[in-house]
Amino acid sequence: MALPCSFSVALVLLSCHSLCCLACHLPDTHGLRNWRVLTLLGQMRRLSAGSCDHYTNDFAFPKELFDGQRLQEAQALSVVHVMTQKVFHLFCPDTSSAPWNMTLLEELCSGLSEQLDDLEACPLQEAGLAETPLMHEDSTLRTYFQRISLYLQDRNHSPCAWEMVRAEIGRSFFSSTILQERIRRRK
């Protein structure tokens, strides 16, 4: 299903310059890749939300990590890195049981991999992360993704369970995009 035009335009505007201005000077293409990941997640939708009503779940997304008010640039960069890493490991294992179109899945995994390369090339010490312990933020995100993994296991990786996870990851990745834009605007 195609995203509404105004939503797509908003994603482009928010993502184009989202991380390029953080302390580590990520490439301009990083924000575009973020938009592409969101688009691919939307295109991967295979089931209508109504057909999976009995699968709804509150994964307790840690919104407080993405409000942009508490985090410094280096902390935001770390949160974005952990988030991207966890999404990659969720959708891109060597043997995926997900019911996705393989072409879309491969493109998603490629985009996430490129984003991780950008983030891992950023020297975190220069960004000030060496002085800023992020144990709580890291643990909170890991717990969130653990809940998602357990949900998939409990639901036997069914197509409806994957649809709920895809929608959840789309919302959380959008929050990551908003965080990146807020940090960029502070500069």
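Using the three backbone atoms N, Cα and C, a Cβ is placed for every residue, glycine included.
What Swiss-Prot records for this protein:
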| type | residues | note |
| --- | --- | --- |
| DISULFID | CYS24-CYS122 | disulfide bond |
| DISULFID | CYS52-CYS160 | disulfide bond |
| CARBOHYD | ASN101 | N-linked glycosylation site |
| SIGNAL | 1-23 | signal peptide |
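Annotation for CYS160 (disulfide bond): same-chain Cβ neighbours under 8 Å, separated by at least 6 residues, are LEU47, SER51, CYS52, HIS54, TYR55. For ASN101 (N-linked glycosylation site), the same-chain residues that are 6 or more apart in sequence and have a Cβ closer than 8 Å to its Cβ are MET44, ARG46. Each of the disulfide-bonded residues CYS52, CYS122 was ranked by the number of other C-beta atoms within 10 Å, and first place falls to CYS122.
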